[in-house]
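Now, the feature entries from TrEMBL:
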{"type": "ACT_SITE", "residues": "S80", "note": "active site, charge relay system"}
{"type": "ACT_SITE", "residues": "S104", "note": "active site, acyl-ester intermediate"}
{"type": "DOMAIN", "residues": "1-54", "note": "domain 'Amidase'"}
{"type": "DOMAIN", "residues": "76-396", "note": "domain 'Amidase'"}
{"type": "REGION", "residues": "55-76", "note": "region 'Disordered'"}
Amino acid sequence: MLKGYVPPYNATVVQKLLDQGALLMGKTNLDEFAMGSGSTDGIFGPVKNPWSYSKQYREKRKQKSHGENEDSDWLITGGSSGGSAAAVSAFTCFAALGSDTGGSTRNPAAHCGVVGLKPSYGLVSRHGLIPLVNSMDVPGTLTRCVDDAATVLGILAGHDPKDSTTIQDPVKPFTLPSLTDVSKLCIGIPKEYLTPALSSEVRSLWSKAANLFESEGAKVIEVSLPHTSYSIVCYHVLCTSEVASNMARFDGLEYGHRCDTDVSTEAMYAATRREGFNDVVRERILSGNFFLLKENYENYFVKAQKVRRLIARDFVNVFNSGVDVLLTPTTLSEAVPHTEFIREDNRTRSAQNDIFTQAVNMAGLPAVSVPMALSSQGLPIGLQFIGRAFCDQQLLTVAKWFEKRVQFPVIQLQELMDDCSSIFENEKLASVSLK
């Protein structure tokens, strides 16, 4: 729909980075209009997870596959901001921006072994971010460590006159203190997040992380978020409803793609939107318009808004009970091969992969996914920390402590680098001999 379109202005987050001397390397691939949870539905094709080519994963595969073609079944990055996660994971940049509506920075961060931060709603300006769900969208960051996430957030956070939802108070850049004593912390473990679909490895690491906090003197308690089971359904009703409203601007009249049909304005609208949107986007627009029909509005949209209020209240109640930070899984399992991921439709995949992440967006809370360890397959598994609204600094301080304790291994792409070096050497020799 926006092929060849050049925006006339920068997004506030981009401008803030440029003002601080950041070098903008380029734009990354993502699911079309950020609708998806695997980064497999982008106009440029699916994003491949750099861990598909890591030494850790390839060695594990060789033990099991006995000579299978290594490049035939690469891994997904998660989505929708998979390109950003892949760019950071593969050491091509210091940090990358993503958008987080239901977990779109935390999900790929967990699969790619990087830190994915979703700030509090209203802390970072949404001006210039193509809206998906206005009431949940937050620009997120992907970095290789928690300190880098804090550095970028310090630059991006603060009031923006162009975005009325941002906080009025000035926000100063901050450096994270090195937390040495966690004995005064209370860590909450939501019992509803222990779902049957959760892989045994993620469950085990989640338990180990809780034990780590407990062994260092922190108070670890089981808490209840009773409306969790309704959150994914509630999220999809609200998400598609706002999508239907937001996507109405792409009509072929003012900017973006326009079809060649000139029979009537209505026919031009219909043909433009059929050509310009992929199946996933069209499906969400149709679903959202169904929920917003006059006869359905009360039964679907209004009820979902009421359930959203209950979900947000669950978090408030837990934090008011003395809990400082919640510890949860980020994803159900490690990254899966592309062929396995595309067996199910986008709607089903999104419902499964956003199960631990979307409730945070509905409540407007900050959350960060931190890589913890490698699975038996040699792939990263991340855990999620959820904080109180606008207590992003405290959240990142706890995440930094955790990151230091677990010492997540760096991705080893050395074989790939050696291959590249040999190619460059051969090219140099060829150019010398030609001279």
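Each Cβ is built from the backbone N, Cα and C atoms, and glycine gets one as well.
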Cα separation, the residue listed as 'active site, charge relay system' to the residue listed as 'active site, acyl-ester intermediate' (Å, whole number): 5
The domain 'Amidase' (1-54): DSSP-derived helix, strand, coil residue counts: 15 helix, 1 strand, 38 coil
Other CB atoms, at most 10 A from the CB of the residue listed as 'active site, acyl-ester intermediate': 35
Protein Cβ atoms within 10 Å of S80 (active site, charge relay system), excluding its own: 34
For the domain 'Amidase' (1-54), mean pLDDT (0 to 100): 94
